[in-house]
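Input: a single structure, listed below in structure tokens.
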Amino acid sequence: MSDIHEHKILILDFGSQYTQLIARRIREIGVYCELWAWDVTEAQIREFAPNGIILAGGPESVTAENSPRAPEYVFNAGIPVLGICYGMQTMSEQLGGKVIQGVGEGEFGYAQIEMLTKSALFKDIEDAVNSEGKPLLDVWMSHGDKVSAIPEGFVAVAKTDTCPFAAMANEEKRFYGVQFHPEVTHTRQGMRMLSHFALDICGCAANWKPSSIIEDAIERLKKQIGDDEVILGLSGGVDSSVVAMLLHRAIGKKLTCVFVDNGLLRLNEAAQVMEMFGDHFGLNIIHVDAENRFLDAMKGVADPEAKRKIIGRVFVEIFDEESKKCANAKWLAQGTIYPDVIESAGSATGKAHVIKSHHNVGGLPDDMALGLVEPLRELFKDEVRKIGLELGLPYNMLYRHPFPGPGLGVRVLGEVKKEYCDLLRRADAIFIEELHKADLYNKVSQAFTVFLPVRSVGVMGDGRKYDWVVSLRAVETIDFMTAHWAHLPYDFLGRVSNRIINEVDGISRVVYDISGKPPATIEWE
């Protein structure tokens, strides 16, 4: 078995919104990488022993006092370095070049760079050719400051009309700087540039692939756990499902999964989880039907944050009770993924940008006295999905739209009642079914239905009915930080509305949410 961590790239984070994207791109190329704050020590870099280092972008100005700098060792380690945007600027400044502050002439968005000379980073790459026969590349810029003089030993590799050094290189030392962002899809040949850096310049082998990751994870789990037993909270979501499958492969029946049905899941979801993991894959699952317990705890509570806290508290209570029944369990498995690790790592100086993410599991009792097993802690979400497919989990389950941890608890507005949840489940199932039938499900990023605790008059036959209102919500987004409402066809929306009103007794009106994020959020609560 090849060592999937043998070749690796270190990415230093200076606070760019794109930094995690760089890491994901390097992983997609097949090379392991880690993302650390910019203020790491020489000892930490030596211990990690990377084959190359990428200095990522950042929001600060190299010209400002006390702005972040790469550790000097980065340029003395004898390994290739790629500076991206701010990373190029700090590389230039630290090695004797000059950076000037942008005065109203920064470049933001699409740009075309003209190649001035050949470079290993841009080998055989061009998007077009200008009238002078010079190769042109379509790239994505996002910078105010710019390099005005490059360090000794460097050459200008590319330029734009307003940026004389859009790319620079010291081929002898294998130092490269690009003012644009190769990691974003708008830079058409960005993946090829990153591939040249990781595979050709740094000499990494592409060992980081789903089958190898699974093999490595199973071996490590066997070593860590030995003959002990493990307990896992299985929700049916992507992360816990993939953890369950990895542990099942590694230790078989020594894994006990606790599936808590809180009554806030999607239509037939509890039955589907039990059928898939219990009947089909043969996992050992304790099924706790706790619908009444959750609903009783939320009785009379309308505040969304209070509802979230109650749902979290009751889950912890139940999981604690069930874990005590598994007296032989020595380990607790969690679906922690790499973005969670990045968030909690932070920075030695406190200056580095901290990327926020939602922790998979939190608030479990400190007195559980169990060791922690986190087989996904090196993986991004897209990697978790890929290894889930390799482990035999169905595509439709792994690539479902996001579902909030509190479930329908935050999609029923105000107080949560069983009647409301049942109506919402059925309405939502119709919406999702119709999206699939119209081949629209994978064209939107997230779609769901919200129950509004208001009654509206409707006409059924010769009579009137006074029933509840639901809102359909569908958005398009790249990162869920901002989102546009999806412009679904009117005839499609009409069909969904008619089906819900005719098939779900208790709903008399369907509306469509056309709010973007910002100013609205994607979820209503």
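Backbone N, Cα and C define each Cβ position, glycine as well.
Copied over from Swiss-Prot:
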{"type": "ACT_SITE", "residues": "Cys85", "note": "active site, nucleophile"}
{"type": "ACT_SITE", "residues": "His181", "note": "active site"}
{"type": "ACT_SITE", "residues": "Glu183", "note": "active site"}
{"type": "BINDING", "residues": "Ser235, Gly236, Gly237, Val238, Asp239, Ser240, Ser241", "note": "ATP binding site"}
{"type": "DOMAIN", "residues": "8-207", "note": "domain 'Glutamine amidotransferase type-1'"}
{"type": "DOMAIN", "residues": "208-400", "note": "domain 'GMPS ATP-PPase'"}
Near ATP: residues not in Ser235, Gly236, Gly237, Val238, Asp239, Ser240, Ser241 with Cβ within 8 Å of the site Cβ centroid are Leu234, Val242, Val243, Ala244, Gly335
Predicted model, mean pLDDT over the domain 'Glutamine amidotransferase type-1' (8-207)
92
Through the lens of DSSP with three states only, how would you label Gly236 (ATP binding site)?
coil
Report the member of Gly236, Gly237 (the binding-site residues) whose C-beta atom has the most other C-beta atoms within 10 angstroms.
Gly236
Tally every other Cβ atom lying within 10 Å of the Cβ atom of Ser241 (ATP binding site).
25
Please work out the number of neighbouring Cβ atoms within 10 Å of the Cβ of Cys85 (active site, nucleophile), leaving out its own Cβ.
25
Select one residue from Glu183, Asp239: among these recorded positions, choose the one with the most other Cβ atoms within 10 Å of its Cβ.
Glu183
Per DSSP (helix/strand/coil reduction), His181 (active site) sits in coil
Neighbour-count leader, CB within 10 A, binding-site residues: Ser235, Ser240
Ser235
What's the number of neighbouring CB atoms sitting within 10 A of the CB on Val238 (ATP binding site)?
23
Validating a neighbour-count step here. Other CB atoms within 10 A of the CB of His181 (active site): how many?
23
What DSSP gives for Cys85 (active site, nucleophile), in three states, is coil
